[in-house]
Each structure stands twice: as structure tokens, then as C-alpha cells.
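The heme b b562 binding site annotation in Swiss-Prot covers HIS84, HIS183. Residues or ranges marked as heme b b566 binding site by Swiss-Prot on the basis of similarity to another entry: HIS98, HIS197. Sequence annotations record features per position, and here Swiss-Prot assigns ubiquinone binding site to HIS202 based on similarity to another entry. According to Swiss-Prot, the feature transmembrane segment maps to 34-54, 78-99, 114-134, 179-199, 227-247, 289-309, 321-341, 348-368, an assignment based on similarity to another entry.
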Amino acid sequence: MALNLRKNHPLLKIVNDSLIDLPTPSNISTWWNFGSLLGICLVTQIVTGLLLAMHYTADTSLAFTSVAHTCRNVQFGWLIRNLHANGASFFFICIYLHIGRGLYYGSYLNKETWNVGVILLLTLMATAFVGYVLPWGQMSFWGATVITNLFSAIPYIGQTLVEWAWGGFSVDNPTLTRFFALHFLLPFVIAGLTLVHLTFLHETGSNNPLGIPSDCDKIPFHPYYSIKDILGFALMLASLVALALFSPNLLGDPENFTPANPLATPPHIKPEWYFLFAYAILRSIPNKLGGVLALAASILVLFLMPLLHTSKQRSMTFRPLSQILFWVLVTNVLILTWIGSQPVEQPFIIIGQLASLSYFTIILVLFPIAGVLENKMLKL
């Protein structure tokens with residue numbers, strides 16, 4: 001009998017075990033689609049980014065013009081740029097929903113998978129930040145200036161560190177050149193980390209909505225979930241194309257249509273929408289170092305999730321107290337996102353401070369307490 005190549009070839013065997021014969025819980029919902037959607041986002045971003053890089057010039061005197069040239073003179077350059085810029089937004093929508101799913105269903109108890117995932121989020125944020133600087137518009141320049149300046153809050157080495165990152169005494173040509181190099185490199189780092197993420201995931205297998213072991217009831221990934229994933233791809237790519245074609249500048253900042261000018265500060269410096277919640281937390285503390293620490297903590301707190309899990313149940317499916325807290329946390333992050341886009345004046349300052357306080361309180365204090373209470377109520 002001839003060997004089945006798919007199951008015996010050294011390379012095809014890896015693909016087979018990851019995408020075809022992978023034993024998968026029979027009851028995972030649409031919330032489990034976002035991992036594969038993130039993979040599609042990454043591929044889309046690398047392809048469109050590569051095409052854009054072919055027409056881009058990483059020089060302060062030419063960057064803005066080269067982007068305008070891409071949009072005006074390159075065949076479908078406008079479409080490639082719009083897909084790339086809005087693709088970043090979809091990437092973040094998917095990753096935030098993916099993390100929300102992980103929090104709700106207790107997926108963070110796969111500790112290695114979760115920790116690699118948080119590192120992936122940090123790498124994605126770094127990639128998006130350096131990419132936003134490349135068109136060299138007003139918000140690109142001032143965003144780069146403000147955010148890199150935060151490192152100067154680090155005691156003793158801060159100022160040296162910032163000047164080392166800038167390659168000079170202000171954001172200038174060396175900064176743009178190195179940001180382009182980093183923006184080209186980091187997506188491939190993300191691709192590598194994604195493989196590590198999947199390797200750890202396939203050690204334990206997927207979690208499921210009930211949060212109980214599903215070894216007794218697994219089904220093959222293909223055709224069941226491959227078809228389900230293709231539906232997700234179609235819906236997401238249709239949404240991305242619709243946004244890129246009908247309203248490409250909806251999520252961008254009009255300030256970025258003005259070339260960078262170090263002598264004129266925009267009235268409101270703010271990052272893209274996907275960083276606004278962290279930006280609001282940064283601004284809510286009236287101290288530079290304190291703000292920077294809070295900003296870092298807002299993401300790094302995710303590393304603590306496995307340690308803060310006190311419930312005897314994995315998922316929140318049967319835990320109403322934790323469910324209420326979870327949805328309050330979601331609302332809270334949306335409020336922070338809104339506050340981050342507003343000017344620094346009352347009542348936005350106090351709302352931002354209260355929202356920042358409740359963000360950390362819910363995660364660090366109320367979630368663990370709710371878990372203990374639910375155990376007691378159920379006599380677990």
C-alpha cells in the first residue's frame with residue numbers, strides 16, 4: 001500500500017497536523033475564529049506592505065512626497081495604501097476580540113500560549129507605531145516625538161536612551177530611516193512568534209466555551225473548521241475592502257495630510273484609535289514617570305491573568321458575577337478609548353482618571369474576589 005504523502009512527508013506532515021487532521025473541540029464558537037483572522041491580517045499586511053515599500057523613500061525630504069506619488073501615479077497604489085492603513089485597524093480589532101475571548105473563557109490558563117500572545121500584542125503595537133511615522137505627516141512626526149520622549153522619564157539613562165533612539169537631538173532623518181527598517185523587520189518577527197504561539201497551543205489543544213476538557217469529543221479541523229474559517233475570511237476581507245474603497249480616511253487623522261513641520265504643533269496630538277485607551281491611561285496620571293509606568297502596566301497586566309485566576313471553573317460561562325465584571329471592563333476600555341481622543345480639560349480629565357482606576361481595580365482586585373465568592377456560593 002502506498003504511503004499517504006500528506007501524513008509522512010516531513011513538511012506536509014507539519015501542515016497536516018496543524019490544519020487538516022488537528023483534533024479540535026466540537027463546540028468551539030465563532031469567538032475561536034479570530035486566531036485565523038489574525039493570520040490573514042498578517043499575510044495581507046506583509047503583502048501590501050512589501051508593495052508599498054517598493055515605492056517608498058525613507059528620507060525626511062521625500063517620504064511624504066513618495067507616499068503621495070504612490071497614491072497618484074502607481075497602478076492601484078491608492079488601493080494598496082488604503083488596504084494597508086485600514087488593515088492595521090482590522091488587525092487590532094481582531095487581536096482585541098481575540099484577547100477578550102481569552103479573558104472570558106479562561107484561555108490564559110494555557111500559560112505559555114498566553115504569554116507568547118501578550119508578547120505578540122506588544123510587537124504588533126511597536127510595529128503599528130513605527131509604521132504610523134513613515135508617511136511623515138504632522139501627526140506622524142509629533143506622535144513619534146511625544147511617544148519616544150516618554151523614554152526620557154526613565155531615571156538616569158532616560159535622556160541618553162531617547163537621543164540614542166532618535167539618532168540625534170530630535171526626531172529627524174536618522175529616526176525615519178531606522179523606523180522604516182524596524183517596520184520592515186517586525187512583521188517577520190510577528191510571523192515567527194505566531195509559529196511559537198501555535199506550537200504551544202497545539203501542545204495542549206484548544207480550550208472551549210465550557211472550559212472543560214474535550215478529549216472525549218474531538219473532530220478533525222478539516223473540513224469542519226476550515227470551512228468555518230473561510231466564512232470568517234470572507235466577512236473580514238469584505239469589510240476591509242468596503243472600508244478601504246468607500247471610507248478610507250474614516251479612522252485616520254486629517255492632520256496627517258499636512259507634511260511634517262517641527263515648528264508647528266498640531267492642536268491635539270493623539271495616536272490612532274487602537275492606542276487611545278492606553279494613551280488615556282498615560283494622560284490620567286499628572287506625572288511623567290507615573291504615566292509611563294501606568295501605560296506599560298495597562299498592557300503588561302495581561303501577564304498576571306493566570307496568577308489572578310481564583311475560580312475553580314475555567315470559563316466565565318457559568319459565573320454571572322465575573323461576567324458582569326468582564327462586560328464592565330469592556331465598557332471601561334471603550335470609555336478610555338473615547339477619553340483618549342478628547343482634549344485635556346474637564347470633565348474629560350476626571351472621567352479618564354476614574355476609568356483608569358477602575359480598569360486596574362477590576363483586573364487586579366475585583367476579578368480575583370469574584371472568583372473566590374463564586375467558589376463559596378457553589379460550595380466548590
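The backbone N, Cα and C atoms fix where each Cβ goes, and this holds for glycine too.
Here the structure is a predicted model, which means the values were calculated and not measured.
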If you measure HIS98 (heme b b566 binding site) to HIS84 (heme b b562 binding site) at Cα, how many Å is it?
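One finds 21 Å between the Cα atoms of these residues.
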Test the contact criterion for the transmembrane segment (289-309) and the transmembrane segment (227-247): 3 or more CB pairs under 8 Å, pairs 6 or more apart in sequence, then answer yes or no.
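Since fewer than 3 Cβ pairs under 8 Å link them, the transmembrane segment (289-309) and the transmembrane segment (227-247) do not come into contact.
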Mind pulling out the one from 34-54, 78-99, 114-134, 179-199 with the most Cβ pairs under 8 angstroms to the transmembrane segment (227-247)?
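The stretch with the most close Cβ contacts to the transmembrane segment (227-247) is 78-99.
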Quick check on the binding-site residues: of HIS84, HIS202, whose CB has the lowest count of neighbouring CB atoms inside 10 Å?
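Candidates: the binding-site residues HIS84, HIS202. Fewest Cβ atoms within 10 Å: HIS202.
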About how far apart, in whole Å, are the alpha carbons (Cα) of the residue listed as 'ubiquinone binding site' and HIS183 (heme b b562 binding site)?
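Counting only the Cα atoms, the answer is 29 Å.
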For the transmembrane segment (34-54), what are the same-chain contacts with Cβ under 8 Å, counting residues 6+ beyond its ends?
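Residues packing against the transmembrane segment (34-54) from afar: 70, 80-81, 83-84, 87-88, 90-91, 94-95, 97-98, 101, 183-184, 187-188, 190-191, 194, 229, 232-233, 236-237, 240.
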